[in-house]
Every structure is written in C-alpha cells, then in structure tokens.
C-alpha cells in the first residue's frame, strides 16, 4: 500500500473517531445540563462535566488536525494552516487540562477513602470549582509558555510557489556561475598562450597590424567580459 493511501485511510479513521467522540461528549453535556440540580449537588458530576468539555475540545481539534491527511487539497490554504496551528495549541491545552483533571479526581477519591466521615466538610462544590478553574489557568499558562519560549523549535510553513521560485533562482545562479567560469578559463588560456595580441585593420585595401602589450590586452578583455556578464543583470 502506498504511503499516501495509508495516510488517507488513517486520516479518515481519525476523523471518524473524532466525530464519534464529539457526538458522545455533546450528549453527555446536554444530559448533565438537563440535570442542573444534580450537577451542583455532587462533586463527581462537576468533574465529569469538566471532562466532557475538555474531550469536546480535543475531538474538535483532532478533526481539524486530521483534515490535512485527506486528498481534499485544503492543506495548502493559509486559512487552514492558521486553523491547524490553533487546533494544535488547543490540543496541548486539553492534554494538560486532562492530566490536571485526573489529578483532582484522584485527590477526590483519596480524601473519600482516607477521611470518609469528613468528606462532606472537606470537599465542597465551591472548592472543586475553584480547583478546576486553577487547573485551567495552569494549563493555559504552560501552553502559552511553550508557545512563546519554544518558538525557535517550531516549524515554519513555506508555500510551494516560494520553493519553486527559489529553485528557478538557484538554477539561474548556477548557470551564470558556469558561464562565468567558462569565460574565465577562456581568458586565462588566451593570456597563457599569447603574451601579446595583434589586431588587424583594413583600410583602402591595405592591412595594418597593431601589436598590443599583454597588460593592455588583459585589461581590455576583462572589461569586455565583465560588461557582457553584468549587462543582462541590469536589464
């Protein structure tokens, strides 16, 4: 199976799982919203509701992230690239928030087991809500710190058009360098083979020969070849 086809299949499966998780968590949130009294009366429902919100964010961002694996042709859009980067940032936050929420849930069970008679007094809805808010703030703080302080290790998207222009420019520079090298070799060979040059002019059917010194010939040749090299660049 080609790697491209495998990526398309994986993207379709990933999107399907994300849609299923989105529907499931939305159903849980709607059910808990209909039971408002139970949510406010039990700490466990508050934690489950927080889990549902975080999983809803994760499923939505996972769908956006997996869209670039499909052969839809939207991965080259700049708007999609911005949405993909934002989705990755939300995924980082959701992963950190999930870990902290599991820590709160474990702490809740620990207090219930160790202090069963003081559980109602120690664990209240206000304290749990405050802990959830603190966990969200910590998760956002860590996410933004990674975003700002770890920007040197982040990848940069370059449009394919820019890459093609760079490729053509490199080919043009290489061709000019090869041409310049050939011209230089020709000049060197001419200088080595002939220390002096003879120019011939015909006037009134009479030939006149003029012998130039080698230094003047080299200077004139370098000037002519330099002018031929820089003339296309000036255009």
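Backbone N, Cα and C define each Cβ position, glycine as well.
Taking TrEMBL as the reference, the stretch among 199-216, 217-234 described by the feature transmembrane segment is residues 217-234.
When pLDDT values are averaged over the domain 'G-protein coupled receptors family 1 profile' (24-235), the model yields 71. Sequence-remote contacts of a segment are chain residues at least 6 beyond its ends whose Cβ falls under 8 Å from one of its Cβ atoms, and for the transmembrane segment (39-57) they are 21-22, 25-26, 28-29, 32-33, 90, 93-94, 97-98, 101, 104-105, 108, 123-125, 128-129, 132.
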